[in-house]
């Protein structure tokens, strides 16, 4: 009997030319790590970016910053700073992520010498994720406390109240013609926050955290559980959750805005918020505050934008998305100011005090002033629930981004081991960060939260962004970067973007950094000043993320060969496999530089797949021609 024909010979054979590593069949497919995945819907990416950028800061930082820095006049430096260092850096980060389809660590194949920048980013994001989820835990606590017919912070006379507690309902019921001195009194909402929720009287300071508050601990556990369930399947699950968490806050914000504007005395607050004081514009502080607000509000430098863009298809129009998200974020901040200050105006009229005595920023606004204002409204538990539900949805999608950044960064470094086990790996990270955050649930936890808030993403984050900007434009090269964007979007960035990337954005960031160092003020919480060791610990947090950069440089140089200068030069060049992740998108210098690549021209793969040449192939061919001309010019 003739021996049977081997099965492999009966299979149709695809010529090597047409095999791309992105195809899952053939021997090459088995060598590839598990697929990273992409966004599943058209709006997933856009809504995730909006949800990430529009966070708690839009509600509790922007309105207060605007009112203390010249009211309506603050919008001038705000929009100028948005144009100089907001939009360009936002677009740069999205371009890097989408072009390479890599997370914030692996993206440094662009220049392995600077991989430490990615390590610094991950350190900053991890610290921020720890305390940001604690704020979400406080919001959950208040959300549950609002599920009553009578809000618990409405009256004095509870076990946590002191003799200083003064109930505004009592003032109204009494003879209103007699002025009441409220300077030495405390509102019931303030005592509820500090003496009941935080139980801060049980701690003498940051060095004496006291006991764990179990109700806060359970809220923190719940918030980590919610976050884990939403990022369980990576962007496939979080990309669906944001359809709710990114849009619902707008609905509530509009409801709160309509309710606020119809209150008596609302215009007093709005006038206070928007009256322009143009003399403020001559002060450098106002410009710095505007730049800081843009910087933190858009979330540049945290790696979240880069991570989200890395799950896009290669030709997604991120240019359009950049303007939608950045301008939408600015408009949301201004809208939130109306919602907040209309209520503060009403409150100041009820209490008979000027608006500036009730206006606060940060947790003081969210957990003391606004809840107190809610008690003055009819149906107060309903409005309170809505307000805290809005804060919950605002906080959650920013937290998804922080977690997705950490998980993506590490799984992209070890795709073979971690990508198939992404859910378990996410669980380990959530548990680890929950355990680290337990100190924030103690009686002195607020001191630790303030310390983390002040230092974790301060000057360290600015150093990361400045370095990224300089590496992309100076080391990698502006010409190359613009060519990559041309290949991806079909057009080159205009002179506005190039000028910002080369000079304006890094210069503004440098000014911010110098200002932060020169005007350094020790942290404080209320009347409590932090001890020196706590200050040093905080500064170390910032320095540690900066130190990652030289550590990464040393590691990169040691892996190369030759003299020191040769090693530095080799380490600063892009890695061999830098470029688009799918072979059909690799044209020009990126052809056949992927491991296992057999294809002389990925264009052939494309033509076989789609038939004919698309506009993007035209662009690719044009880019190839331009590069050949450039090479000829250089050789001449």
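Using N, Cα and C of the backbone, Cβ positions are placed for all residues, glycine too.
Looking at 423-449, 585-611, the range annotated in TrEMBL as transmembrane segment turns out to be 423-449. In TrEMBL, the annotation transmembrane segment applies to 496-518, one of the ranges 358-380, 496-518. Nearest neighbour of residue 165 (disulfide bond) by Cα distance, taken over the binding-site residues 58, 297, 329, 397: 58. When Cβ-Cβ distances under 8 Å to the transmembrane segment (45-63) are tallied for each of 75-96, 290-311, 323-347, 382-402, 496-518, the top count falls to 323-347. Ranked by Cβ pairs under 8 Å to the transmembrane segment (323-347), the stretches 75-96, 117-144, 290-311, 455-476, 496-518 are led by 75-96.
The transmembrane segment (455-476) is not in contact with the transmembrane segment (241-258), judged by fewer than 3 CB-CB distances under 8 Å for residue pairs 6 or more apart in sequence. For the transmembrane segment (538-558), same-chain residues at least 6 beyond its ends with a Cβ under 8 Å from one of its own Cβ atoms are 108, 112-121, 123-124, 127, 451-452, 454-456, 458-461, 463-464, 467, 523, 530, 564, 567-568, 571.
Long-range contacts of the transmembrane segment (117-144) within the same chain, counting only residues at least 6 positions beyond its ends with a Cβ under 8 Å from a Cβ of the stretch, are 56, 104-108, 197, 215-216, 219-220, 222-224, 227, 301-304, 363, 366-367, 371, 384-385, 388-389, 391-392, 395-396, 398-399, 402-403, 405-406, 409-410, 433-434, 436-437, 440-441, 445, 448-449, 452-453, 456-457, 460-461, 463-464, 467-468, 471, 541, 544-546, 548-549, 551-552.
Cα of residue 58 (Na(+) binding site) to Cα of residue 156 (disulfide bond): a span of 31 Å.
In this structure, the recorded positions 156, 394 were compared by how many other Cβ atoms lie within 10 Å of their Cβ, and the smallest count belongs to 156.
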